[in-house]
Amino acid sequence: MNTIWIAVGALALLGLVFGAILGYASRRFAVEDDPVVEKIDAILPQSQCGQCGYPGCRPYAEAVGLQGEKINRCAPGGEAVMLKIAELLNVEPQPCDGEEQQAAPVRMLAVIDENNCIGCTKCIQACPVDAIVGATRAMHTVMSDLCTGCNLCVDPCPTHCIELRPVNETPDSWKWDLNTIPVRIIPVEQHA
């Protein structure tokens, strides 16, 4: 019975010693993050789509905060994200498409040819916003409300049954921006 208590005590002592060493090391070798980069990263939509030319939202936030990259390259975030970053950095807002002369980008939507889909789930694994639903060896489909048109699901498909199609702007497909219409709350007087 004493050997069990000795073993338990030895393990507890080892846990305390290694915990203290890890605690000291985490404080001693801590890397300070730039608070501006953290704020920019919090503003970005975290879709990790790569449309900005960076592998994810965090590298793009670091490029904007530390290297002075353009603030208008986040396609899923659009103008709202660009304006928030411009306000945070106290810089002039830039056109969302990067150049004044270019036409506004057409919203694209991934469409799966369900007759040719073999249910391999490679597109589901590639989608950064979970816009594709389906199960193994079953038909997959794209939820159009969630799809950002990032093109990351097209290449992994072994049967090439996914294509990007432009979305026709109709009242049903339009993404309404609630900030475009100024809303004012009017106080109501209650009469007894």
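Quick reminder: no glycine exception, Cβ is built from N, Cα and C everywhere.
Together with CYS147, CYS150, CYS153, the [4Fe-4S] cluster 3 site in Swiss-Prot holds one more listed residue from CYS120, CYS127, which is CYS127. The annotation in Swiss-Prot ties CYS117, CYS120, CYS123 to [4Fe-4S] cluster 2, and of the candidates under consideration, CYS96, CYS157, the one tied to the same site is CYS157. Over all protein chains present, the Cβ of CYS117 ([4Fe-4S] cluster 2 binding site) has 19 other Cβ atoms lying within 10 Å.
Break the domain '4Fe-4S ferredoxin-type 2' (138-167) down by DSSP state and the numbers are 0 helix, 7 strand, 23 coil. In the shown protein chains, 26 other C-beta atoms lie within 10 A of the C-beta of CYS74 ([4Fe-4S] cluster 1 binding site). Fewest other C-beta atoms within 10 Å: among the binding-site residues CYS120, CYS127, CYS147, CYS150, CYS153, that description fits CYS120. Neighbours of CYS150 ([4Fe-4S] cluster 3 binding site) among the binding-site residues CYS49, CYS57, CYS74, CYS157, defined as a Cα within 10 Å of its Cα, are CYS49. In three-state terms derived from DSSP, CYS123 ([4Fe-4S] cluster 2 binding site) belongs to a helical segment.
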